[in-house]
Amino acid sequence: MIHAIYFEKETSTGICSIYYNNRYVQTETFKMESSKNKPCFIPTIEGDSAAVLLAYLLNMLRFGKVNKYISNTNVFEHAGKYYSIAESDMPQEIDIHTLETFGTWDVNGTWNRPFTSHPKKAPGSGELVFMGVDAMKPFLEMGIISADGMKLVHKVDLDYKRSSLCHDIGVTERYNVLLDFPLILDVNRLIRGGPLIKYEDKEYARIGVMPRYGNKESIQWFDVQPSSAFHIVNCFEDGDEVVMWACRALGSIIPGPDLGLNRFEYFSNGFKQTCSNSSDRDIDADGLFFSRCYEWRLNMKTGEVKERNLSGTKYSMDFPMINENHTGIRNKFAYTQIVDTKASSAAGMAKYGGLAKLYFEELREETNEELIKTEYHAFPDNTFCSGAAFVSKIEGHEEDDGWIVTYVHNEYTNISQVYIIDAKKFSEKPVAVVTLPNRVPYGFHGAFMRTGAN
């Protein structure tokens with residue numbers, strides 16, 4: 001379900017009206033289940049391997065598809081059109097005003113496989129850079145869509161040797177930045193009795209840098225320390241180096257515990273706050289989901305890699321956002337949701353109790369910890385957010401001229417609201433709070449779309 005809040009300013013009076021709407025994304029499989037007025041697809045991601053394989057078979061026999069298309073992760077815009085997406089399927093085009101679903105976007109019949117939840121606009125050209133991961137070969141293909149959204153101008157099989165569950169892709173002015181981290185989908189492992197998805201912390205991890213229109217031979221690969229990084233903050237070029245900032249943890253929250261382990265205890269322990277203030281090696285098994293802002297500097301001439309944490313252990317952070325005008329070029333600021341580790345551990349699920357603003361402009365080259373100045377915006381007690389997005393001011397001159405807009409829910413009062421926070425007065429109270437008519441469940445990503453002059 002998409003939840004949308006609209007701000008509409010009357011030009012003649014300057015009065016702003018606020019509207020709220022929600023609607024399920026009408027994927028093909030959603031319409032199948034709606035016609036029967038009940039869930040029909042058997043879950044296939046976790047569980048006993050024989051049960052998962054049987055679920056694939058039964059879903060295929062009954063519906064011609066092995067999985068439900070959930071389209072529940074992100075919303076993005078390209079060439080004035082709007083799409084909902086989950087990386088297990090192709091995007092669904094939606095009417096951003098009514099939330100009506102127009103249908104699957106296959107780029108005029110040229111793309112027929114999964115599509116990342118986080119495509120990126122290439123700096124300068126406005127082309128859309130994306131990739132798609134599949135459990136079967138080819139494991140990862142990358143594509144580029146023209147700025148007008150009409151044509152797939154580049155498509156290439158990157159010849160991955162495994163199905164690495166990459167959630168994000170990066171861009172710089174000249175390059176695409178690719179992740180190959182050891183969160184692996186493996187159908188053969190499933191057939192042998194293991195899980196379909198598993199984080200293999202002893203396997204290799206690498207980051208690839210390829211020219212915008214390159215192929216598999218043009219990728220320069222850099223071996224890095226194994227870790228889990230779902231969300232890239234930004235990538236950019238700095239002399240001979242390509243720099244990637246991302247939110248990084250030592251373990252993966254997906255897919256969950258191995259068979260036989262207590263699910264609640266697994267997640268509860270994973271969200272505990274780390275006791276370490278020095279290095280990753282000191283972080284014990286509890287707190288494996290603790291996510292920190294991290295830097296990889298990849299030297300394109302020497303092949304050298306430099307890695308370091310950029311944030312400390314006070315707060316776990318994820319779901320980063322920046323002023324999108326700085327995608328692919330060096331940015332001064334970024335924003336994240338911060339995990340309430342106590343509430344998350346108690347609930348066995350991530351709960352975000354505030355926001356952080358990261359000041360990259362003060363970053364130095366030394367390798368000591370806690371390099372980034374970080375400002376925090378804490379929510380009231382037992383109040384948590386999801387779907388935060390940065391909104392730049394139309395007349396803004398500086399990168400942080402804008403607001404953070406996020407859905408929040410107070411679990412004491414059971415009231416959902418929208419907070420609007422001035423990014424330049426980040427730790428102060430919201431400049432506006434909008435109370436919503438009903439509960440907005442915790443979700444994934446948020447996005448802001450400017451559809452008119454106001």
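Cβ coordinates come from backbone N, Cα and C, glycine included.
Annotation comment: TrEMBL describes HIS118, HIS167, HIS231, HIS445 as Fe cation binding site.
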Practice item. Determine which residues of this chain, when HIS118, HIS167, HIS231, HIS445 are set aside, have a Cβ within 8 Å of the centroid of the Fe cation site's Cβ atoms, and list them as they appear in the sequence. Key: THR73, ASN74, SER117, ASP168, PHE230, ILE232, PHE319
**Study point:** Nonlocal residues around HIS445 (Fe cation binding site), in sequence order (Cβ under 8 Å, 6 or more apart)
**Key:** THR73, ASN74, VAL75, SER117, PHE319, GLY387
Exercise for review: Measuring CB to CB from HIS118 (Fe cation binding site), give everything in the same chain under 8 Å that is also at least six residues away in sequence.
Suggested key: ASN74, HIS167, ASP168, ILE169, HIS231, ILE232
